[in-house]
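Colleague: For A:TYR121, A:GLN183, A:ASN206, the entry in TrEMBL reads NAD(+) binding site. The substrate binding site annotation in TrEMBL covers A:SER229, A:GLN251, A:HIS254, A:HIS320, A:ASP353, A:GLU407, A:HIS412. Here TrEMBL flags A:GLN251, A:HIS254, A:ASP353, A:HIS412 as Zn(2+) binding site. Residues or ranges marked as active site, proton acceptor in TrEMBL: A:GLU319, A:HIS320.
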Protein chains: 2
Amino acid sequence: MKIVQVTDEVSLKRDLDAGTSEQREAVEKIIQDVREKGDAALLSYTEKFDGATLDSLLVEKAEVNAAYEQIDPGVLNAIRAAIVNIHDFHQRQVQQSWMTTKEDGTILGQKVTPLDSVGLYVPGGKAAYPSSIMMNVIPAQVAGVKQITIVSPPQKDGSIPASVLVTANELGITTIYKVGGAQAVAALAYGTETIQAVDKITGPGNIYVALAKRAVFGRVDIDMIAGPSEIVVLADENANARYIAADLLSQAEHDERASAVLVTPSQDLADEVKAEVIRQLETLPKREIAQASIQDYGAIYVTKDLEEAVNVTNELAPEHLEILTEDAMSLVGRIRHAGAIFVGPYSSEPVGDYFAGPNHVLPTNGTARFSSPLSVDDFVKKSSVISYSKQAMKQNGASISALARLEGLEAHARAIDIRLEDE
Amino acid sequence: MKIVQVTDEVSLKRDLDAGTSEQREAVEKIIQDVREKGDAALLSYTEKFDGATLDSLLVEKAEVNAAYEQIDPGVLNAIRAAIVNIHDFHQRQVQQSWMTTKEDGTILGQKVTPLDSVGLYVPGGKAAYPSSIMMNVIPAQVAGVKQITIVSPPQKDGSIPASVLVTANELGITTIYKVGGAQAVAALAYGTETIQAVDKITGPGNIYVALAKRAVFGRVDIDMIAGPSEIVVLADENANARYIAADLLSQAEHDERASAVLVTPSQDLADEVKAEVIRQLETLPKREIAQASIQDYGAIYVTKDLEEAVNVTNELAPEHLEILTEDAMSLVGRIRHAGAIFVGPYSSEPVGDYFAGPNHVLPTNGTARFSSPLSVDDFVKKSSVISYSKQAMKQNGASISALARLEGLEAHARAIDIRLEDE
């Protein structure tokens, strides 16, 4: 892990994987096939890519019941507690419709309406994270989305991991289809005999899923295309180096391209954290991944003071930011760009990944400059409401048609004039 | 204008113009040039595409002062009144940061932060709409964005239309650059010697502008890529056919591909509106455009009852919806998808384009199913805040590491365990 005296520009930006032209063509073909052949295409691709021969795409109630047998009761309780916390946090994001009235009788407003339907992509195999299901489904449910569909690629024996089925069931989601990849995204965007088309597709996936989401975007909405995960720890000399090293490694184990960075004015802390990272790496099951990430995308930036450390942090605009300084909370107001801010020594990043309540789907790759965590807002849309009164029209009509004519839009002006003439 | 008995699926969707491969390559080259050569590239493209040879990109104060001489005082007053109304409406969209505390000492919250900087593209020539400036700048200002830059292609003599300069000045915007096309978008995304890079680019433009916005998306944020404008009028037998025809034509004059649709259970109204459209078309300055739009994308759908008319309207998910029925307000709750809803006979769509207060940048092409009008929300981003307490860690740490291990993420679990061990 390199220790760097900050001098010039710093950045977490990595090139997004745009796929090869072969991959993009393969995805286009799959989408076309699903549009033309529907379920038959889904079953055939599932056989080809997942090695599973299915009679039916839909997960049966009996499979869900069987899944409960495989889940440790302690884990089940943890899932239930997490759901309560996540639900509670997102409930606070709910925006109400509002209306305002004017003395001339005009009514203006903003109507908030949940999306009709959402599809959630859940990756297969080792990346089938129950926490992703909670983090995507709960804001949609809180928003009031009525139809929520989960798609996930089956294992070779045609099954879906027990943790996925149990988590979905705990959330009350019963519509789960055994299909993954670009074919699942195509099915959610266009619909098939079995799978109903939805208005928005969210959830992580491999490059084929990402390319398929890009391809159907516009027809349906999608969530952000996430880059590799990132953590920045902003710490002073009082921070615990062991905690920091552990937290940096918790990001690094995700992906060789994940980025774990410490920013500190303390050279001593920098040295300690470096040593701790090396020590803790030794016994990690995902040592190789974490080591590659630390080597290629990890860094310790030593700054001349805390002020500069805050500036560097803002330049990095990280997905996850931990602040481990004296009076950490007082720095929150100076953080302009971060997906989630973890304050103080007990706010280890995994607390937010699983349990505290805020969403773990966060802007990566420097996009925290302009993007927000996944939220209830992502599952509603707004409509403006304008009820103009006769009096308001009489009073303001001439101004409105003057503005229309300024822009050379005579038919706009006449739509106003025709009403004024009637008075 | 065709009158159709509704039978099957209806849709406003048109293919979005994705540009030709020549256009996409031209845009890529322009972006590359601006990145490499900065201002020199901007000045050279401005000479090439706009026919203007400039000494300086920045609009001078003297030019702004001179612009006021050219503006009719009545129009200036209308601009000022519109600004007040638009500001007032958007002020109501402001979301506050919030925090919530738990008895165990945990603090959770959502911090709302304005974007640092925004660039607004204003098209040149006849499409230089002062109303677009108001509708893009005001929500950004209300959000608290400090740096707002306007770019707009100059006319051959190197000038920017007076209406643009005056409107910008009335809004307090002094950073206006004489540059348009893909080169302006590239400058806003990457910065040049003169033009500072921004975090988000908004505003309409031609195909080159749209392609450039797509190309820089990810590095910076962009607003939606708007399709041709649309209006749906939902009306019953009590509605005024002259008003409806005038409002349909006010959309149709925008663009040959604009879409103007009446949905009504009344065959009589359908016949009357058709006759009125033909009559009013006669004397329109933009008759040819409006006629083409009405012919190719206009329609009157006659439904069996009002219920079906509401359903058809929701299927169309229009950008603009006018409701001209008895007790129109009572139908608003049944509209699930519309960018803006204009209620009653005096809420002609141009009222919203210019003056009432709500934003006129609205989702087109059926995307009102999942998208919202441009708003203050588009110029802020949110960060989650998590301050976990020692007590909360002791109480919940085991659940958190159990969930991490369920997902096979051992380093995540250890980041929790290392804190539990210290207790």
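Every residue number used here counts from 1 along the chain in the order it is shown.
A Cβ is built for glycine as well, from the same backbone N, Cα and C atoms used for every other residue.
The structure displayed is predicted, hence computed values, not measured ones.
Tell me about the surroundings of these features in the structure.
Modeller: Of all Cβ atoms in the shown protein chains, 15 besides its own fall within 10 Å of the Cβ of A:ASN206 (NAD(+) binding site).
Within 10 Å of the C-beta atom of A:SER229 (substrate binding site) sit 24 other C-beta atoms, taking all shown protein chains into account. Under the DSSP three-state reduction, A:SER229 (substrate binding site) is assigned to coil, being neither helix nor strand.
Secondary structure from DSSP puts A:GLN251 (substrate binding site) in a helix.
Other Cβ atoms within 10 Å of the Cβ of A:GLU319 (active site, proton acceptor) number 31 in total over all chains.
In the three-state DSSP classification, A:HIS320 (substrate binding site) falls within a strand.
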Colleague: Please name which of the recorded positions listed here, A:TYR121, A:GLN183, A:ASN206, A:GLU319, is nearest in space to A:GLN251 (substrate binding site), Cα against Cα.
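Modeller: Answer for the nearest of the recorded positions: A:GLU319.
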Colleague: Let me make sure I understand the structure: which of the binding-site residues listed (A:HIS254, A:HIS320, A:HIS412) has the fewest other Cβ atoms within 10 A of its Cβ?
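Modeller: Output over binding-site residues A:HIS254, A:HIS320, A:HIS412: least Cβ neighbours within 10 Å is A:HIS254.
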Colleague: Near chain B: which of the recorded positions A:TYR121, A:GLN183, A:ASN206, A:SER229, A:GLU319, A:HIS320 have their Cβ closer than 8 Å to one of its Cβ atoms?
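Modeller: Going by the Cβ criterion (under 8 Å to chain B), the recorded positions yield none at all.
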Colleague: Distance between A:ASN206 (NAD(+) binding site) and A:HIS254 (substrate binding site) at the Cα atoms, whole Å?
Modeller: 14
Colleague: To the nearest whole angstrom, state the Cα distance for the pair A:GLN183 (NAD(+) binding site) and A:HIS254 (substrate binding site).
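Modeller: So the alpha carbons of A:GLN183 (NAD(+) binding site) and A:HIS254 (substrate binding site) sit roughly 26 Å from each other.
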Colleague: In whole Å, how far does the CA atom of A:GLU407 (substrate binding site) lie from that of A:GLU319 (active site, proton acceptor)?
Modeller: 43
Colleague: According to DSSP, collapsed to three classes, what secondary structure does A:TYR121 (NAD(+) binding site) have?
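Modeller: A:TYR121 (NAD(+) binding site) sits in a strand per DSSP.
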Colleague: Provide the number of Cβ atoms within 10 Å of the Cβ of A:ASP353 (substrate binding site), excluding the reference atom itself.
Modeller: 27
